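Student: Dropping the structure in here first, questions after.
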Amino acid sequence: MKKEDLESPLLSDGEPAPADTKGCAYALVCALLASLTSIIYGYNRGVMSGAQKFVQADLGVTDGQLEVLIGATSVYSLVGSLAAGWTCDRAGRRRAVALAAAMFLAGSAATAAANGYAALMAGQLVAGVACGFGLVVAPVYIAEIAPASSRGFLSSIPEIAGNSGILLSYIADFALADLPTTLNWRLMIGIGAVPPLFLAAAAVLAMPETPRWLVLHGRHDEARRVLARTAGDADRRLREIAASVREASKGGAGGEGVWRELLLRPTPAVRRVMLAILGLQVFQQACGVAAMVLYAPRVFSHVGITSDRAVLGATVLLGAAKTVAIVVPLFLADRLGRRPMLLASAAGMAASLLVLGLSVRAPAAAASYSWWAAATCVAAAAAFMATFSLGFGPVISMYGSEILPLRLRAQGTGIGTAINRVMSAVVGMTFISMYEAVGMAGTFYIFAAFSAAAWVFVYACLPETKGRSLEEMEALFDAGANKPSPRPTLS
C-alpha cells in the first residue's frame, strides 16, 4: 500500500496545528466530507416515497410488488453492511467511502432507466448494497477521526446529512410531480444523486485515513500526523491507540478472531456491548420510522387528503421536521449525554404514535371531522419524526460506534447495521399488508408499544458514555461497571 494513498492532501508538510480548537475544526472538515455519502443515502432512501405512485402507474407495479421492491432494498443493504466491515478493515475507511459512492452512482442510474419490474429490482440491488456501505463507513470513520471532546457533535453529522438527503428527495418529488408520469419518477430518482456523488468522489481525495486504522496496519508516522491535526496531545493519543492495538493482537483479532469474539465467545463486556448495539438497532426500526419515511403519502391519503400536491407537500413538512429536529443532538449530545436524549426520544415517539393512531381512526365520510383528523394526523406524524430525530435517529449510530472496542469496531458496526436493515426490511415489506389486516390505527398502536419498550430498554441497559475516550469504553461495560449512570448534569 502506497504512502500517498493513506495520506490526505489536507495533511500539509508544515507544522500541525497543536490547538484543540484547530484540531476540532480539522476533524469537522473530515466529518463533513465523510457525511456526503449520507446525503446520497438519504436521497435514495426517501425518493421512492413520492415516486412510488408514478412508478406503479407507468410500469404497472402492484402493491405487493411495491412492498417487495421497497423492503428488498433494506435486504440488499444488509449485504452491503456486512461487506462494509470487511472492506473497512482490509482496504481502509476512506476507500470504503469511495466504493460506496461508485455503487450509488450505478444503482441510481440503473433504477432511473428501468423499463420493468426486474430492472427496478436490479437497480435497487446495487443501490441497496451502497446504502449498507454508507451506513457503516461514515459512523466508523467519524468515531475514529474525532477527538473525545467533540465526538458526539461530529458523530451526529451523518444522521443530519442523511435526513437532509431525505428532505431533498421529498422536495424533488413535490417539484416534479406535475411532469408526465413516464418522466417524473425517473427524474426524481436520477437527478438528485449525481451532484452529491461528484462531491463525494472529490471528497475522498482529500480525506485522511483514520489514525486507528493506520496504527492497526503499522503506519505509526502517518497516524501521528493525523492525530497532530485532531488531538491536543498527538503522542499521548498515539500511545493509547497503540496500546489498544497491542491488547487486541494478544486476543487474536484477525478476521476469524473478530467473529469468534463477537458472536461465539464474547467476554462479558463485549456481550453487553453487543446487546446494547443490537437492541438499539432493533428498536430504532421497530418504532416504524421506515413506514413513515416510505409510506407517508399513503397515510395522509387514508385520512382524506386527496390532492397529490397536498399529500407531497405534507410529506415535505415531515422531512423538514425530521431534519430541523436532528440539529438538536448535534449541540446537546456532548452536554446532556446519550441516555437522556434516547429516553426523551422514545417517550416522545410513543406519545406521538398514539395520537397518530387516534387520528387515522376518523371516518373519511364525516367531512368536518376528517379535516381535523387530517390536520392532527400530519401534526402527529411531524411530531413523531421530530422526536425520533432528537435521539433514536443520530444518537444510536453515535453510541454504537463509540462503545465497540477498536479490534471489533468495523465488524461490530456492520453487524448492528445488518440487524437494522433486516428490521427496516420487515417494516417496509409488511406495512401495507399490516394496515390492511389490523387497520391503520392498529398498526401505529403497535409501533407505539415498541417505542415504549425502547424507553425501558434504554433505562435498564445503557450506561452513559459522554466525555470518555474510545479506549475506556470496554472497561465501562465490564463486570460491575455496566449499571446505568446517574442522571447527567449540564456541563
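Note that Cβ sites are derived from N, Cα and C of the backbone, with glycine treated the same way.
Keep in mind that TrEMBL annotations are predicted by a computer and have not been checked by a curator.
Predicted, not measured: the structure shown is a model, and the values here were computed from it.
Reproduced below are the annotations present in TrEMBL:
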TRANSMEM  25-43  transmembrane segment
DOMAIN    30-466  domain 'Major facilitator superfamily (MFS) profile'
TRANSMEM  96-119  transmembrane segment
TRANSMEM  125-148  transmembrane segment
TRANSMEM  183-206  transmembrane segment
TRANSMEM  273-295  transmembrane segment
TRANSMEM  310-333  transmembrane segment
TRANSMEM  340-360  transmembrane segment
TRANSMEM  372-397  transmembrane segment
TRANSMEM  418-438  transmembrane segment
TRANSMEM  444-462  transmembrane segment
Student: Given pairs 6 or more apart, does the transmembrane segment (25-43) have at least three Cβ pairs under 8 Å with the transmembrane segment (418-438)?
Tutor: no
Student: Among 96-119, 273-295, 310-333, 340-360, 418-438, which stretch has the most Cβ pairs under 8 Å to the transmembrane segment (125-148)?
Tutor: 96-119
Student: With pairs closer than 6 in sequence left out, are the transmembrane segment (273-295) and the transmembrane segment (418-438) joined by 3 or more CB pairs under 8 Å?
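Tutor: Checked: the transmembrane segment (418-438) vs the transmembrane segment (273-295), in contact.
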Student: With a Cβ cut-off under 8 Å, give me the same-chain residues at least six positions beyond the ends of the transmembrane segment (273-295) that come close to it.
Tutor: 45-46, 48-49, 52, 70, 74, 166, 262, 266, 318, 342, 346, 349, 353, 381, 384-385, 388, 392-393, 396, 399-400, 403-405, 412, 415-417, 419-420, 423-424, 426-428, 431-432, 443-444, 446-447, 450-451, 453-454, 457-458, 461-462, 473-474, 477
Student: Which range out of 96-119, 340-360, 444-462 gives the transmembrane segment (310-333) the most CB pairs under 8 Å?
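Tutor: Per the Cβ count, the answer is 340-360.
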Student: Using a Cβ-Cβ cut-off of under 8 Å, list the residues of the same chain that are 6+ residues beyond the ends of the transmembrane segment (96-119) and lie near it.
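Tutor: The answer is 34, 36-37, 40-41, 44, 59, 61, 65, 69, 80, 84, 87-88, 125-130, 133-134, 136-138, 141, 186-187, 189-190, 193-194, 197, 200-201, 203-204, 207.
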Student: Averaged over the whole of the domain 'Major facilitator superfamily (MFS) profile' (30-466), what is the pLDDT?
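Tutor: Here the mean pLDDT over the domain 'Major facilitator superfamily (MFS) profile' (30-466) amounts to 85.
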